Structures are given as C-alpha cells and as structure tokens.
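Engineer: Pasting in a structure now, in structure tokens, and then I'll have a few things to ask.
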Amino acid sequence: MRTFLSSFIILTTFLASLIAAETHTWYFKTGWVDANPDGVYPRKMIGFNDSWPLPTLRVKKGDRVQLYLINGFDNLNTTLHFHGLFVRGANQMDGPEMVTQCPIPPGETYLYNFTVTDQVGTYWYHSHTGGQYGDGMRGVFIIEDDDFPYHYDEEVVLTLSDHYHKYSGDIGPAFLTRFNPTGAEPIPQNFLFNETRNATWKVEPGKTYFVRILNVGGFVSQYLWMEDHEFTIVEIDGVYVEKNTTDLIYITVAQRYGVLITTKNSTDKNYVFMNGVDTTMLDSVPADLQVNGTNYIVYNESSALPDAYDIDSYDDALDDFYLKPLSKQKLMDDADYTITVDVQMNVLNDGINYAFFNNISYKAPKVPTLLTVLSAGEAATNELIYGTNTNSFVLQGGDIVDIVLNNFDTGKHPFHLHGHVFQLIERHEAIGSKESAVTFNVSDHAEWPEYPMIRDTVYVKPHSYMVLRFKADNPVVWFFHCHVDWHLEQGLAVVLIEDPQAIQKNEKITENHKRICEKVGVPWEGNAAANSNDYLDLKGENVQVKRLPTGFTTKGIVALVFSCVAAFLGLFSFSFYGMNDIAHVEDKVARDLDIDLEAENEDEEEAVVLNQNSSSSDSNSKPH
C-alpha cells in the first residue's frame, strides 16, 4: 500500500509539472539594425526582427523552448548558443558551429527545440559563429524560480559589455595577421552598461532589488561598485550561494551574478553606480579610452546627478573562489580521469600569433563533431577520428573528471564549459610576468575546500593554474574554451565527447539539421576529414599552420653558406683590385698631366729634411 501511495504521489507530481509547463515559441530573423550604443559613433548592430537590443527570454523549469532562427544575412552563416543551459538529450541545440551543428546559411531556418530541465537562474544566448555576438547578437535568458530562496521586492537586469566601432568581420583579419605577431587584442572604443553609457536606474526607497548582472562582452573583465550601497551575492551562473556582501565585484565576460541591493529610506539625493575596466587585460590604454563608466541610481529625478565615484584600488574585489553553494554540495570524490592542458600563445610559420592547448591550436573539423559521433558506430570511442587539431577527449559516462589548466600566458583567461557546472577546487595566485609560471603539482597543492564554489565560467590568473572538477553525467559533445572571443578565434578550445555510445543511443540528427548541412555544403557523416569510408583515415583534415623551425633548416644553412661566400668574395675583390690598381692609377694621372714623378719625389724628400731641421731649431729655443 505504501509503495502504491509513493508511486501515485510521484506520478501526480509528474503530471502536474507537465500541465504547468509551457511551450515558448519564438521566430527570430537576424539582420543589421542602425544603432548608436555609446552615443559616439553610429553603426549597425545585429538585431532580431529589425530590433536591437535583443529581447530578454523568460521561461520556467520544465518549459519547452521552440526558437526558429531565420538567417536574414546576405552573406553570413550563423548559429545560436544558450549559454549555461544543459540542453539534456538535445545536443544539436547547443549551438557552437562545427561542434554540435552545421552553420545556418543565409535564407535558411534552424529550429532550436529543447526542454529546460533541472535549472533555474541567470543565463544568456548569443551567436557562436565568428565574432557575431560582439556585433550585438546576444540577449538575456532567464529561468524563473517559483521557489527563489531569498526575499526581494523587484527584479532588475543589468548587462555589461565592450563595444567596438568597427565590425568584427573587419577587426578579425587585422588581428590575426603577421603584422600583429604579439597577438595584441583589439582595444574596444567604449564599454556599455545596459547596452548604453551613463545609464540611469530609477529606484524606490526601502526596497530590496534582485539584480541579475551579466557580462555579455567578448573581451574585457569589469569591476562594479556603488556609492554608499552594497551588493549581497546570492547567485552565480545559475547556482545559488550563501549570502556574501561586498562593495566590489569582479566579473569576467560570460559570467553572471545575482545580487540583492537594498535601497535607502531617504530620497534626498542620488548615487553613482560605477563600472570599471580591468586594464591589465589591455596591451595598451589609449589616452582617450574612458576606463570608468558613470551610471546613476536615481531616487529623486528633481535632484542633481552626482559626480563620478572613483576608487583607489581594486584589491578588495570579492574572490568568487570563496563563495559556497547554498546546496552545501561537498567536494566530489577523487577524479577517475584527469585532463591536463597547458595554455600558451605563440607564433606559427605564417607569422600569426595563435593560442594553444598542449601545443594544439583548435581547427574546426570538416564534419561537426557530434555528427561524427552519430555516424561512426563503434569507432566513436576512438579519439583519433575527431581530428588531430580539435583537442578532443573521450569521457566515460559517470566518471568524475578533473581539468587541470596550467596558464603559461601572462594574461587572465575566462574559461567556459558547455553543458555542465563544475567545482573550482583550486586556483593559484597570479605570478609576475618576469617570473616562471607555476604549474599544478598533484603531490603538493593547497587544501581543497569542503564546499567548493560551483559555476560554468571561471578565470585562471596569469602564469598560474586552476583545477576544475565535474561529473560526466550529461552524455553529449561539449565545448570547453576561453570566452575571450579573440582567443577562441586564435584556437583556445577543447572538445569533450562524453559517453559516445550513450550519445548514439539518445540522439538522432533531425531532418531540419540534415537540410541545413546540405544547404551549407557540410557533410553530416564522416570523421574530421569528412571520410565516411575509413574513420581512421584523416587525410585532408583541417590542421594548424606548421611551427616555426628551431635551429637552422636546410634552406637556412644554404642561405648562410652563400652569404658567407659572397661576403668573402666581396672582401677579396675590394682588397685585390683596390690595392693592385694604385700604381697604375698614379702613372695614368702623371701622363695625363705631364708630371715628372721622379723629380716630384726628390723635391718631397728635400722638403722633409728641411722641415726636420727647422723643427729641431724651434725645439731648442723653448724654455726648459
């Protein structure tokens, strides 16, 4: 009887959730929209249905999303990624081009169709093709929670981003060129606060606001602080945390914070809400770049707006490493499988600066990796079929996985893992650029926290390392990459193939997806080289440019030998002909001018003798 009642309750709860769940259907057509986000330079931004900024999408746990993305561009492919969403059982809906799907060509429509399962919180959506989200193809995605654990009166959404006056399609080629061998990232012209500058936020006294803060930029981390107000952090990347109050927040691109802000009871004045740029990420700071943005918390529209509220140091910014999950999830068991990756930036043989994981710069395969899994049969468990330049790792379902990331670069890097949240179990402090990088030592490391911080995007500090831990319980293909868009373009990415046999069992390519692949000219079967006859034959795959040779090459030796021979011949010619011709030249000049050289020489000798006698006489006349 008890078993029957338990089953009945479970069934009733399940049916109730189905009844409560909604299906959200959106039709969005991409296109260029006239805009002037920073109020300085009009340009076109990527909008949906002739509108920009893009709309905020709101759903609840259990709801279904049916988003039809119509490519309205004339000559650009596109895709859409739902950042932070697990999209369980629907990996084709994750979005990264040539990882989980074929790109959508102009004029075609792709249906993103998935159910929002076991997630709540603050997320976003953006193009995962080229630098399109830096051109404006980005928006907020919120999964509302009827059981939100903290009290608040009103919700507010706040986005941060960097802004360029030029299009990403123009900036990218100038960045990835031999004329930029150091890999200096393009510097934004401005930084936006809710897709504008000098924004105002109208508030009421004595209220608690839940503010969802998202950095939807493509490059620079930012700081946030307020005049005479505090942030109480309660959520990070969709994960609830124990309350933590701070005056200063540091937020990298792709990260999200949910904070409570309680307003004052008085309305006699207004206050400043500042955003500041992490200038350590810039190779140089132009004199005209405004690194601090001044925005306003407005209590009284009749009162004057205050001046900027600058601070002397960013040293007191909250370190998210110490945030504890509200769920009290303990440190997972020891890892079953460890992936160690070394981050480096270097120049290849074409003179261009690339980014590397373990000396491999990611190059997209000729068949999306997910479609290789679905078509490979038993070969899907062999990492080789996914290409030598995709940095692919095959994971066993249910394994605890550690990613050890050693950063040999002198800059910070925010890394995002698709399809999962992870525990950050260690992050070493930054090491100076003139010192050697510190790498993780499994036998000598800091004590790991009992309740590690959990999120989906986290940054590694310069010349140091971090260790991430997660459970491989979402069997699909996942991208792990630096979310500085320039670094992704340079190749800083890894592909995780999680339980390929389960993927084959649970996922089938949709007819819509097949059509998209056919229209864009991308095979939907085969290995990384698009070979569907022999999955171990990678001839013709996309590979990185060759490395610069070390030491002398054959061509270099030959060039050096010929250069030396030419130099010796030149010296010999100069010496032989120069010295040999002196006498002949003198004879020729004497004949031309009818000069008697012997008589001239006798006169010169007599003059020398007279000069010597004169000098001796002068010397004797000087006082001693």
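Any Cβ shown, glycine's included, is placed from N, Cα and C.
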Engineer: In Swiss-Prot, the residues H128, H481 are said to bind Cu cation 3. Which of H418, H420, H428 is said to bind at that same site?
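Structural biologist: Given H128, H481 bind Cu cation 3 in Swiss-Prot, the matching entry from H418, H420, H428 is H418.
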Engineer: Would you identify which residue of H463, H483, H487 Swiss-Prot lists as part of the Cu cation 2 site it also attributes to H83, H126?
Structural biologist: H483
Engineer: Which one of H413, H416, H445 goes with C482, H487 at the Cu cation 4 site, as Swiss-Prot has it?
Structural biologist: H413
Engineer: Mind checking which of N49, N194, N300 has the fewest other CB atoms within 10 A of its CB? They're the glycosylation sites.
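Structural biologist: Across N49, N194, N300, these glycosylation sites, the one with fewest Cβ atoms within 10 Å is N300.
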Engineer: Give me the Cα-Cα distance between N265 (N-linked glycosylation site) and H483 (Cu cation 2 binding site), rounded to a whole Å.
Structural biologist: 40
Engineer: Select the closest residue to N359 (N-linked glycosylation site) from the following recorded positions, measuring between CA atoms: H83, N292, N300, N441.
Structural biologist: N441
Engineer: Whole-number answer please: how many Å between the C-alpha atoms of N77 (N-linked glycosylation site) and H83 (Cu cation 2 binding site)?
Structural biologist: 19
Engineer: How many neighbouring Cβ atoms, not counting its own, are there within 10 Å of the Cβ of N77 (N-linked glycosylation site)?
Structural biologist: 20
Engineer: Of all the glycosylation sites here, N198, N441, which one's CB has the most other CB atoms within 10 A?
Structural biologist: N198
